[in-house]
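Among the features that Swiss-Prot reports, domain 'Era-type G' is placed at 6-173, with the record citing sequence analysis. Annotation source Swiss-Prot lists region 'G1' at 14-21, citing sequence analysis. Here Swiss-Prot flags 14-21, 61-65, 123-126 as GTP binding site, drawing on sequence analysis. Marked as region 'G2' by Swiss-Prot on the basis of sequence analysis: 40-44. Look at Swiss-Prot and you will find 61-64 tagged as region 'G3'. The region 'G4' feature in Swiss-Prot is assigned to 123-126; the stated evidence is sequence analysis. Positions annotated as domain 'KH type-2' by Swiss-Prot, on the basis of sequence analysis: 204-282.
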Amino acid sequence: MSEPFKSGFVAIVGRPNVGKSTLLNHIIGQKIAIMSDKAQTTRNKVQGVYTTDESQIIFIDTPGIHKPKHKLGDFMVKIALNTFQEVDLIYFVIDASTGFGRGDEFIIEKLKNVQTPVFLLINKIDLISPEDLFKLIEQYRELLDFEEIIPISALQGNNVPNLLEQTNANLEIGPMYYPKDQITDHPERFIISELIREQVLQLTREEVPHSVAVVIEGIEKNPKTEKLTINATIIVERSTQKGIIIGKQGQMLKQIGMRARKEIESLLGSKVFLEIWVKVQKNWRDKEHYLHDYGFDREEY
């Protein structure tokens, strides 16, 4: 007789840049969470769905927890903390190469107040010696009663199968919430805007901070050629940032568009014509109506 089907919700938390999105994308096998080495790149709860014959795990990738500096930051932290209460299991991801930091202390204090079981995932183990890894495990073991402590490399996939096995063991019998072939519940528009934003952050590096939002104005399909036309607007806070994104003779914007288009085509499996505009909206991160317009919906959280 076959085992009963199991399912559950798992939150992935940790301070910025520890590899949460990399882990989620490795498990799902497709890029659904924006990846960049800048802090705070994941803004909304991106759900990834991992389904096998035995179980379904719904992953919630939360923003990196940090001390908020403005309304957007405050909003991001609130999402992460609310998520702790809603899930069946929490992955607390840390970066082995940077060791214990104040950000980790802040998260552990929050985790002490929840009943949800917590897995400590020590990521980037390929960057430290076994001796240092052992010391790190001992250090964290004294801070919280973790359900499991699992060293991994999210980038290379080391020990991820073991992590999924342990996760399954902690799930309850439950329904299949999503169709087997569905990997995220985020609408395509959201993922397309995130793919464009990822290229902006990667190509402009430190020059353009997180005062960037991307709004998809329209998606049209040509019935004859099946080609998609996507109109997008990049929103920044200052005209200097607009200049950086457009670049000399429009070269930077061209690069952003070219790279984003390839990612979008690979996601949607069809040819895309991508048109991008850049618009200045001063201090949008501190104005609630702008946050709502750019996809940050307070009602949802």
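Glycine too: its Cβ is placed from the backbone N, Cα and C atoms.
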Using Cβ atoms and a strict cutoff of less than 8 Å, what residues sit near the region 'G4' (123-126) while being 6 or more residues removed from its termini?
18-19, 23, 93-97, 133, 151-156, 158-159
When the number of other CB atoms within 10 A of each residue's CB is tallied over all shown chains, which of the binding-site residues Gly14, Asn17, Lys20, Ile125 has the maximum?
Lys20
Three-state secondary structure of Gly14 (GTP binding site) from DSSP?
coil
